[in-house]
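Here the structure is laid out as structure tokens; the discussion comes afterwards.
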């Protein structure tokens, strides 16, 4: 399959996944709803310099994602689909950069550019986050752009290469802060190892690297300096210091074990680490350490993985920017494999059957245990389809390695589609706050004062198109707030074990594992207040 012939099916697969996500779920609280609310506030205020949340500057993340969402609304009008499309476009751009990088690293091997994008787009965690309104796809894209710039500089076009690296650092800093430095700089520093076959004038090399770092910093400072002056002293401290030192302190306050990522790798990289030819390809990399591309991918992947393992604050999506390195490394090894055995898919088949079995068993488990009520409604057909897909893996043998990779990419996509259609859609209102957001909008239009008990993270503001955030009120002060606003309404959270008939609420819906309600003054007697769970969960 030629690269052009491959590009169209990959584009179609990407589009199908995006459409399924758009039509099967809304923004999931609390992260996606918060980020889209920050963009909504930016668009409402017409202030693109300082992001705002709950009436104050929002310093947790830089502004690039918010800029792109708000500028898209300027072009297309305010809508729900554009913010979801932004990370998807960065994911697609990353696949294109992987293909281009493969051609530069292995110009004589036509298979690697064909295989690597499929491995990337076919990794389950990458597929899930392709449509997540978060920052990781942007960081992955700018990481790839920086790696491409390093390769271009190494291959002789230093000016163009370091300009690309500088642009990547600047874009990454505006996307998610200093994390981009950990993704790009170790590879440039380790050039004497991965590029040892072609010695360079190292002084010029490191001067170019420092120049690119300076360029990236200037791009970020072009926003940060005026934003800090405009946002006030606290905001200035947060964006210049809180993005680094304060975040490291918070990281060590949420410890996870050094090895936490390791057992999750087969899930994050499903189905590839359950396919035996990938293991043969990765083990074969030890015999190809004389190959510049192989060494470069190892110098890119391993230091970042070790660094994120040493940092105690861990999330699976933190590793997404090094998925392209894995895809390239695996594709390089797979390109030398001509045929694969039918039995090579047995571990992937077993994993798929296990996932299907879990999906079938979950409703029965929910009936005997106190879990979210919607779990008992997960349809049987979702698990059965996964089981059927597992057996189809064994029955459908392509033989050719490119076709086998394509088959497994389709399997991964099917898993994600079933996750959306069988699980996320079944969860329904528990992860969809559009109905309560619409109620809040109607109350706000009618001039009814609104309060939110406990910390408010912006989860209703964009979806309800609210013009102002509800007033934040501590649990112990809610009775006093009702005395001052007898006609007001408050957003409160109750355990799912509470009989909802006791609430006397204006509106109630499931929320994550509990319930959220809009209540008036009459619904806040002490007997009901005893059952409140406080602000919604992290």
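From the backbone N, Cα and C atoms, a Cβ is placed for every residue, glycine too.
So that you can see what the record holds, here are the features copied from TrEMBL:
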DOMAIN    60-226  domain 'Glycosyltransferase RgtA/B/C/D-like'
TRANSMEM  89-106  transmembrane segment
TRANSMEM  112-132  transmembrane segment
TRANSMEM  139-156  transmembrane segment
TRANSMEM  162-193  transmembrane segment
TRANSMEM  205-225  transmembrane segment
TRANSMEM  258-280  transmembrane segment
TRANSMEM  292-311  transmembrane segment
TRANSMEM  317-334  transmembrane segment
TRANSMEM  346-366  transmembrane segment
TRANSMEM  378-396  transmembrane segment
TRANSMEM  408-431  transmembrane segment
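Spatially, the transmembrane segment (139-156) is adjacent to the transmembrane segment (89-106); three or more Cβ-Cβ distances between them are under 8 Å for residues at least 6 apart in sequence.
Long-range contacts of the transmembrane segment (378-396) within the same chain: residues 342, 345-346, 348-350, 352-353, 355-363, 407-408, 411, 414-415, 418, 421-423, 426, each at least 6 residues beyond the stretch ends and with a Cβ under 8 Å from a Cβ of the stretch. Among residues of the same chain six or more beyond the transmembrane segment (162-193), those with a C-beta under 8 A of the stretch's C-beta atoms are 61-65, 135-136, 138-139, 141-143, 145-150, 152-154, 200, 202, 205, 208-209, 211-220, 223, 243-244, 247, 295-296, 299-300, 303-304, 307, 318, 321-322. The average pLDDT the prediction assigns to the domain 'Glycosyltransferase RgtA/B/C/D-like' (60-226) is 95. Listed by sequence, the residues of this chain that lie at least six past the ends of the transmembrane segment (408-431) yet keep a Cβ under 8 A from its Cβ atoms are 13, 16-17, 20-21, 24-26, 28-29, 118-119, 121-124, 127-128, 270-272, 275, 345, 348, 352, 355, 359, 372, 374, 377-379, 381-383, 385-386, 389, 393, 509-513. Sequence-distant neighbours of the transmembrane segment (292-311) (same chain, 6+ residues past either end, Cβ-Cβ under 8 Å): 105-106, 147, 151, 182-183, 186-187, 190, 193-198, 248, 251, 258-261, 285, 318-319, 321-322, 325-326, 328-329, 332. Sequence-distant contacts of the transmembrane segment (346-366) (same chain, at least 6 residues past either end, Cβ-Cβ under 8 Å): 266, 270-271, 274-276, 372-373, 375-378, 380, 382-387, 389-391, 393-394, 408, 411, 415, 418, 422-423.
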